[in-house]
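What follows is a short report on a single structure.
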């Protein structure tokens with residue numbers, strides 16, 4: 001089958017992540033290396049439906065390895081969720097002559113791709129690109145490491161002013177369903193407390209922890225809060241609650257927001273993107289399909305979409321324990 | 001009088017700013033150079049009232065030139081606003097043997113210092129340290145340049161994701177009474193529109209500007225909003241208003257918040273802090289008092305507090321014009 | 001005359017500097033704003049000679065305000081130093097229909113442009129873009145501020161390891177004929193000694209200063225050396241000399257090199273580039289020619305090339321004094 | 001045995017690495033958490049011999065998680081290589097009352113610690129802290145990830161100017177015996193060629209690769225060279241050789257040097273340091289000794305010094321292949 005693939009299409013879909021450009025570059029360069037054509041679709045599946053594409057040769061991706069965002073742009077496509085939409089996309093692919101797809105995105109992207117592939121018998125390979133790190137088939141997703149560095153760099157700055165004024169800061173980071181960013185950046189930033197969706201600390205324990213923190217001589221504190229934390233209050237409500245209950249605290253809130261999605265990717269994310277996407281192209285050329293590539297125990301491996309998506313990619317509970325010990 | 005000064009006190013007060021540590025270092029080192037003693041007070045005027053201080057020799061300030069925050073911490077002191085509070089502070093100064101003060105902070109700090117100096121005949125020199133750049137007696141305040149770089153670095157990251165998703169972002173930056181940060185970072189970040197306290201753009205013109213922006217082919221837009229913008233809506237209300245009136249825009253909000261106060265100071269802020277504080281110590285030794293030091297036309301100059309504080313330090317209206325032209 | 005200008009050409013020449021892209025963007029956008037055409041020439045004067053150009057509309061310069069380097073590339077052209085070369089260039093301009101030029105570069109660029117303009121009666125405006133800051137007609141050149149931040153960020157890192165190992169580092173920074181970078185970054189990085197082309201410290205005083213530094217309790221030291229320092233030894237010879245004469249020092253050398261020319265420009269450089277280039281376009285439209293634009297006392301002003309280039313842009317000797325005091 | 005440990009000593013030794021302070025913090029905080037005393041020795045083994053130490057409680061390590069260098073300083077001790085030296089150190093330990101040691105450093109540090117532990121029956125745990133990543137008992141050493149980011153950030157800047165001038169840059173990175181930094185940063189920076197100690201590319205193949213690179217339309221090139229590359233020429237000789245043989249190249253050299261050892265650690269290095277050092281303290285309390293801790297397949301594991309040091313930690317040859325494909 002491998003010999004049939006003469007043109008590979010690539011797209012980025014879902015929330016964008018640093019390193020997506022490095023991934024696009026790797027797909028384009030690996031295609032050029034193996035003498036096949038590479039076509040990029042704009043705005044994810046939507047561009048595929050509309051046939052909005054460009055040719056990506058080895059030179060079109062020059063100097064993008066270091067840039068944030070995605071030159072192919074990203075979007076969520078409602079139309080692609082319908083059979084009609086996917087049919088249009090399949091027609092466009094055969095019109096343009098695209099034989100297989102590399103899909104860079106998160107779990108939603110993979111699910112859409114899987115359905116599409118089964119319906120129209122088009123080989124697809126998923127490459128995990130999302131800052132949330134919430135995909136079972138890989139230890140690390142592209143963009144996650146960069147997002148962590150962006151977060152701790154912001155918290156380091158906030159720590160400067162927190163320390164100068166003896167303040168308590170609640171800092172909300174991304175992660176609606178998964179606490180990976182909060183947990184790792186919280187440990188990395190030396191946060192006094194970390195609130196994540198996977199674990200309900202409880203308001204009482206939070207207050208107790210803050211009181212203990214003050215008793216132990218800390219003059220300022222940082223609490224990192226995941227968007228979807230379990231306590232069931234948003235970060236402003238949390239801050240109000242603490243202000244009411246610990247009146248001698250000077251509480252402030254920062255919501256880091258979308259800057260976590262941007263920026264020049266870290267070396268880790270660039271090499272990860274490069275390795276995953278070379279593998280993705282090679283798998284397609286080897287006749288593989290309907291799998292995602294991931295890094296598992298420092299090796300690039302393919303996993304079926306079922307496997308890669310089905311189970312929970314559990315957070316590392318050990319890190320919560322580490323955080324407790326280190327915020328002593 | 002100059003010969004009478006044997007010990008100089010230094011403190012940081014008000015909102016902290018990057019470069020305050022470089023300023024403290026320069027006061028300590030210049031004091032050592034001129035063979036006088038230097039004493040630091042913690043938490044601004046409050047530490048002075050409480051006598052909470054440390055001796056700063058040349059070695060105590062090693063390696064702090066590159067750090068954010070202030071090793072002396074900062075605070076706002078209600079007690080110092082009363083005569084009783086200031087009396088206590090004066091008593092502490094004579095108890096500790098401090099002959100003169102270098103005050104690093106903003107306009108509130110300077111006003112407090114001026115009153116104190118007149119009441120108790122203690123020479124004080126003000127050094128402008130605030131990210132807001134809103135002091136007439138200097139072209140640049142310590143911390144302003146760093147804050148601008150922090151802001152544009154954050155907006156660059158947001159631009160990555162804005163471009164990837166064709167979104168409109170409202171980004172709130174600091175500046176309750178002054179639009180310096182918004183105006184300069186807005187030009188530096190290539191914002192499509194800038195809203196500042198000094199100029200009422202008006203909601204209609206904002207909408208018109210955004211429509212024009214889209215017509216001209218821009219697929220994403222950044223609007224930089226000063227905390228105290230004139231339109232009279234906070235940034236979330238603004239975003240809602242635009243969403244209602246321009247329904248085909250995908251609008252997002254980021255409030256940059258306190259990270260703007262932290263971080264390693266830029267070279268500009270470090271050299272500015274160094275130059276201002278050497279001058280402050282030398283002025284005290286020369287018998288000068290009750291002035292602020294500033295950089296005016298690239299020279300370090302002393303200005304009376306009256307002069308330095310009384311007039312509006314007007315923003316550069318030319319920059320609004322530049323911004324209009326460049327967001328074409 | 002102003003009405004005659006319908007197309008403006010722009011080029012970058014000489015050593016590249018961060019902010020050149022922000023400058024190109026401003027020329028293109030200001031041209032679009034005033035409804036005139038803008039053409040960019042590649043590789044400086046050489047591209048003009050060869051007619052190697054592109055049209056720059058408002059959208060062609062999107063998102064380049066934050067990038068280092070120059071999208072128009074830069075070069076030094078030997079051919080342009082001959083009359084024949086310049087004649088070719090003039091012919092190309094009339095062929096393409098370019099009526100006036102904005103030249104972004106340093107003193108060499110300006111001198112070439114002045115000759116060209118006089119010979120062929122083509123209005124040119126010079127915009128100072130060089131990291132060296134050695135042009136009299138402006139207080140700051142585009143790229144200088146960014147280069148300073150790059151240098152101090154590198155020295156901060158080196159300071160970490162110097163402090164950890166009690167070492168003496170010689171760090172060479174750019175500046176063959178001018179010590180601006182060394183002097184300002186030296187003060188900003190808290191260097192113990194600064195060696196610049198404009199001032200001969202002498203080897204004996206250097207040794208004495210290092211001995212004094214150690215006596216005063218410093219365990220590590222940084223000496224910032226300008227490429228063209230007056231002592232007449234290169235940085236490796238200096239290090240050897242010190243190793244021989246101060247045997248109990250553990251001496252290391254770092255030559256920072258070309259990284260000083262790259263990187264995302266600082267806010268200062270971006271707004272400076274924006275202001276200077278809007279002015280350059282407006283001056284051309286007003287019939288002005290053969291001047292450079294610069295920032296003098298915080299205002300954008302035009303200066304004749306004669307004036308702007310003839311006198312020495314003296315370094316700030318006060319900074320040497322400040323450095324002496326602060327390295328106490 | 002575990003109950004006998006009441007005081008843990010910690011030191012940093014060998015070349016310093018970003019994240020060493022995060023590691024020291026974790027040892028101190030974990031000790032405090034488990035109610036045992038923690039003592040830090042300055043300048044590695046030399047400070048232990050001299051008894052040069054400080055008490056580290058939970059508050060002494062505040063705010064150091066984000067800083068480069070090591071607050072305990074580092075050094076190589078010749079005296080510790082002798083039995084007499086080690087005897088002195090053991091005597092000092094019993095004098096101070098230190099029961100066990102956490103040793104943060106590289107293979108040399110571990111070998112010294114192993115000998116010491118066996119001779120004097122003092123439990124030691126090694127924590128891998130070195131930018132070189134050349135220790136078999138761990139997939140990643142503390143500092144390596146940060147060094148990679150420092151390197152690619154420098155190369156990104158150099159790429160700006162290389163692209164602007166169509167130049168070929170040779171960039172030397174650290175790694176005398178191991179090509180980890182060169183290989184990973186080379187892939188991350190999109191280098192055209194990577195020269196490492198483990199693989200002899202050969203001068204002919206280098207020239208051929210550069211020629212091919214030019215033929216394929218690349219106008220600038222980056223070659224990343226490990227200090228100890230196999231070709232047997234230093235980076236300046238390499239550049240000269242290429243200049244002679246490819247005369248139409250404009251070749252430049254940058255030696256990145258010691259800045260690779262400094263800087264604020266990445267999130268990866270901070271969490272790695274935190275996890276490894278909590279484990280190190282817990283292992284000591286559990287009666288373990290003479291092992292190193294490492295991260296293997298995303299889990300923190302102990303490995304005997306024999307095991308952890310004996311075998312080559314081979315570089316990832318796949319990355320060379322990836323680099324070849326992506327420099328197409």
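Our numbering is plain: 1 for the first residue shown, then up by one each step along the chain.
Just so you know, glycine gets a Cβ as well, placed from its N, Cα and C.
Here TrEMBL flags A:132 as active site, proton acceptor. Residue A:132 (active site, proton acceptor) is surrounded by 24 other CB atoms, counting those within 10 A of its CB over all protein chains shown.
The ATP binding site annotation in TrEMBL covers A:15, A:76, A:77, A:106, A:107, A:108, A:109. DSSP assigns residue A:76 (ATP binding site) to coil in the three-state reduction, placing it in neither a helix nor a strand.
Among the features that TrEMBL reports, ADP binding site is placed at A:25, A:26, A:27, A:28, A:29, A:159, A:190, A:191, A:192, A:218, A:219, A:220. Cβ-based neighbour count (10 Å, all protein chains) for residue A:192 (ADP binding site) stands at 24.
Every protein chain shown contributes to the tally, and the Cβ of residue A:107 (ATP binding site) ends up with 23 other Cβ atoms within 10 Å. What TrEMBL lists as Mg(2+) binding site is A:107.
Taken from TrEMBL, the feature substrate binding site applies to A:130, A:131, A:132, A:167, A:174, A:175, A:176, A:227, A:252, A:258, A:259, A:260, A:261. Counting every protein chain shown, the number of other Cβ atoms lying within 10 Å of the Cβ of residue A:261 (substrate binding site) is 28.
Averaged across the domain 'Phosphofructokinase' (A:8-284), the predicted model reaches a pLDDT of 95. According to TrEMBL, the feature domain 'Phosphofructokinase' maps to A:8-284.
The subset of recorded positions A:29, A:130, A:132, A:176, A:190 lying near chain D, with Cβ atoms under 8 Å apart, consists of A:29, A:190.
Measuring Cα to Cα from residue A:132 (active site, proton acceptor), none of the binding-site residues A:25, A:29, A:76, A:108, A:109, A:219 fall within 10 Å. Considering only the binding-site residues A:130, A:219, A:259, the residue whose Cα is spatially closest to the Cα of residue A:109 (ATP binding site) is A:130. DSSP classifies residue A:15 (ATP binding site) as coil under the three-state reduction. Classification of residue A:192 (ADP binding site) by DSSP places it in coil, neither helical nor stranded.
Closest to residue A:259 (substrate binding site) in space, going by CA atoms and restricting to the binding-site residues A:77, A:190, A:192, is A:190. Following the DSSP three-state reduction, the secondary structure of residue A:219 (ADP binding site) is coil. Listed binding-site residues A:25, A:27, A:76, A:107, A:190 compared with chain B at a CB cut-off under 8 A give none as close ones.
Separating the Cα atoms of residue A:76 (ATP binding site) and residue A:130 (substrate binding site) is a whole-number distance of 14 Å. For residue A:176 (substrate binding site), the nearest neighbour among the binding-site residues A:77, A:107, A:190, judged by Cα separation, is A:107. Summary: among the binding-site residues (A:27, A:174, A:259), the fewest other C-beta atoms within 10 A of the C-beta are counted at A:174. Around residue A:176 (substrate binding site), a 10 Å sphere centred on its CB holds 12 further CB atoms from the protein chains shown.
Contacts of residue A:108 (ATP binding site) defined by a Cβ separation under 8 A and a same-chain sequence distance of 6+ are given as A:13, A:14, A:76, in order along the sequence.
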